């Protein structure tokens, strides 16, 4: 069983992630994690923080000489801006007079619409939003990307690879029927300003971001994650919480600012007749059982079917809007403009990288449940044995 947990605040000394249940023998280095975190900072329309924010990665346990050891893997992502926040975010009590001299410590009493600020203050009894936004911040996703790197490395050694890309920015959308990116296309994808696989659409997306920036607006969009090389049978139909699509949806909805998830053709399927909504099961000239379409996105009945997994996540426009939204100053009870420090115009490309990490964690957990071994070679043998045992052709069904 794969379990993971993160801790830390946006402006704290570091973020911490721990993942347990990783078999021995997964190839992992701090450089691979740094590369993944660098991808999280990609994207046209990002704010100033991406320019000065550096991710200092330290593997604290569970890895020796580039290989996992079978124990929990602990990763620390250090905050290079910590010296500026050391007094304000100190875990130990600080002299109030010292804090009073620091402008950064001004109480955040104007909660931002669309954020966790106000409800978090109500729930936990805070008189300002700082304690809420420090943990609710999307900065926490750096740890998820780090842990997702561990999961992705494990999956890769089993022949499973993931790709994420941007499908839409605001109303600018990749036309239906365009080719899907493959694992070999990741470098080219990451070089694109919006991580979009269609150049013409990418150019239109850049123009959309520029227009929003001039107008003091923010933009959302849709990202898609593809998983290649999955065997059939991950997940289960026997309970709702074991369904692979259920677990993927929960993981993606747990990403900050994600407001919708679909698997395969998703909501488009609801507008179709039944005869055009499903993937018929056929046989090819060799008698191999195949599906000519993949409208289901690689999942039927809560289980992977051996086709390409395809899931999408819709990200709302960033809630910290430069042209500040209306709110109430909780210290006075009077109408006010919401607090605004700095923000991105568009963070959809980064959301794709985070979504990719979350899908990797879910799939790694499902693989460990089905084929789990104490080491990578044992897991590989279990997977190979399973693949050899399931019918691939009509001649072998029932044997």
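From the backbone N, Cα and C atoms, a Cβ is placed for every residue, glycine too.
Keep in mind that this is a model prediction, so the values were computed, not measured.
For reference, Swiss-Prot has these:
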BINDING   40, 46  NADP(+) binding site
BINDING   135, 136, 137, 256, 257, 301, 316, 317, 318, 319, 320, 342  FMN binding site
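Structural mapping of features recorded in Swiss-Prot.
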| residue | record | Cβ neighbours (10 Å) |
| --- | --- | --- |
| 40 | NADP(+) binding site | 25 |
| 46 | NADP(+) binding site | 18 |
| 135 | FMN binding site | 16 |
| 137 | FMN binding site | 15 |
| 257 | FMN binding site | 19 |
| 316 | FMN binding site | 15 |
| 318 | FMN binding site | 24 |
| 320 | FMN binding site | 21 |
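Cα-Cα distance from residue 46 (NADP(+) binding site) to residue 318 (FMN binding site): 11 Å (rounded to the nearest whole number). Across the structure, residue 257 (FMN binding site) and residue 40 (NADP(+) binding site) place their CA atoms 15 angstrom apart. DSSP assigns residue 257 (FMN binding site) to coil, not to a helix or a strand.
Residue 135 (FMN binding site) falls within a helical segment according to DSSP.
Residue 40 (NADP(+) binding site) sits 18 Å from residue 316 (FMN binding site), counting Cα to Cα.
In the three-state DSSP classification, residue 40 (NADP(+) binding site) falls within a helix.
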